[in-house]
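To start, the structure itself, in structure tokens.
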Amino acid sequence: MAHYELHVLFVHSWMLALILITTLVWLAASQKAFTPDLVFPEMNRNSSWSVANYGEILCPTSFQSYDPKKHQILTRVLVERPSLNTDTKVEGYTCHKVKYETICDMPWYFSPTISHSISPLRVKESECKDAIAEHQLGTHVPLSFPPEDCSWNSVNTKEYEDIIVKEHPVMLDPYTNNYVDAIFPGGISSPGMGGTIHDDMMWVSKDLAVSPECSGWQRSMGLIYSSRLYGEREPMLEVGSIHIEGHRDKNLTLACRISFCGEIGVRFHDGEWMKVSVNLDHPNSVTFQVTDFPPCPPGTTIQTAVVENINPEIQELTVNMMYRLKCQETISKMVSGLPTSALDLSYLIQVQEGPGIVYKREKGILYQSVGMYQYIDTVTLNKEENQLGENSRGQKVFWTEWSDSPTRPGLQEGINGIVKYEGQVRVPLGMSLRLEAATELMWGHPVHTVSHPILHVISNHTEQSVTTWNRGVNSTNLIGLATRSISGFYDNLKLYLILALIFVSLIALVVLDVIPFKYILFVLCPPLLLCRFIKCSRRKPETRDRYHVEYNRPGQVSSAF
């Protein structure tokens, strides 16, 4: 019997446990996940309100990791971020200035020597610009050696000067915003037009008006919130974070300063670089100096947003920008004295948790106060009278202070553009979209590492000259020609004298009847045949066109014509 009662008790306990588990599961499933679609301030009943100064109203900067107990010092700043294109090649031109010379040396005996030479000349900036303009228009006519100008017993020189333009891209060092290439002295040149290691050559970027630089600068408002003061003498360790409107917060720990795109900025611990400066519209903010940060170690690299992968972020930024423009338009209306609506007032409100300005209108006058904004889920909007929704702690959120609208009967206005009409609370249109866009922007974006360019410097300066001597068919080496001509003349003269003496001797012998006339031919034939053989055996040396090139290059040359 006892065993049976124990078995029944066990079965009942098991059934009760199943019922309890099923109930808990059903209750959990019936609970909706917290999905905030509104930010609303918690207001103290004793909060003080003051009349707003339209000239001091600013569009909101949101907060992400603000801790009111820890972060008691706020510094409003301007943040600029570059989106560097991965192609750091800079298109440009090189200008070579050369002189073509043709020299004709004709002595008194009418035997000219013609030579051609190419010499480098120092090029001027104005000459290079004109030559590039002709090159771009296609009107440049390339020159060569001028025709010779020969006259008796003189040396005449004719010369042409020409500037040869060639396309020559170089690299851009985004850290210093300088050009990098082996043709520059030391491998580096400032933007625009620069000299090279050759005196006769200059490099010019394609766009003479604007120097290439990092593109796609994005300007945003930011806020540094920290736990203590900081200055040049205090290390920047755990002083707080910087919030950038539309982006994730960044901790200032391990941040350092480094030059990028020709600007001094801050590299954060995640590798991303930004230029940060104080917004002068807030003179009461803590003085912020980039020099407060220690310099980054040599060789430190940074990361920038990948241009081709930020389309989703651009979409969210577009939404943010649209509402920011509406905010600026609202402020402009107020300053100009134009009427504004409750919807216009909602554009002045931040969309992130943390401390911020709260606005309300009473009898046409705008008042402001300070409240602590929190996320609200409006799924229970108007479930009870004046209910806006629930916060992340599950607490119901209400607003009960309403004032009659001065422009529309039956409409009541609360704070931050919230209105009540026909007993129903109406939330400003677009608030949910703004919050969604801001939340999406809190996530990271793809980045790429920017490396330092590596270059092996060839030379700081190189002298170069090229001279070409051309001996053609109608031009000779005068000294050699004169020597050969005189030598040949005397050789022939000796032969003719010998033959003349032999001939005269034979005639004398015939006249004196020493040798009969019939033997004259027998005596003369051997010498004549011998002379003919000697003369024919002499061949003139072949003459060919010869070219000789002399190079004078004291240093190593990295480029040639």
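A Cβ is built for glycine as well, from the same backbone N, Cα and C atoms used for every other residue.
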Cysteine paired with Cys327, where Swiss-Prot records a disulfide bond, from Cys59, Cys95: Cys59
Cysteine of Cys214, Cys256 paired with Cys296 via disulfide, per Swiss-Prot: Cys256
Second cysteine of the disulfide that Swiss-Prot assigns to Cys128, among Cys95, Cys104, Cys214: Cys95
Disulfide-bonded residues: Cys150, Cys256 - member with fewest neighbouring CB atoms within 10 Å: Cys256
Closest of Cys59, Cys256, Cys296, Cys327 to Cys128 (disulfide bond), Cα positions, disulfide-bonded residues only: Cys296
Secondary structure at Cys150 (disulfide bond), reduced by DSSP to three states: coil
Predicted model, mean pLDDT over the topological domain 'Intravirion' (531-561): 39
Nearest of the disulfide-bonded residues (Cys95, Cys104, Cys296) to Cys327 (disulfide bond), judged by Cα-Cα distance: Cys296
Nonlocal residues around Cys95 (disulfide bond), in sequence order (Cβ under 8 Å, 6 or more apart): Val123, Glu127, Cys128, Ala131, Ile132, Ile163, Ile164, Val165, Met201, Met202, Trp203, Val204
Among Cys104, Cys128, the most crowded of the disulfide-bonded residues [Cβ within 10 Å]: Cys128
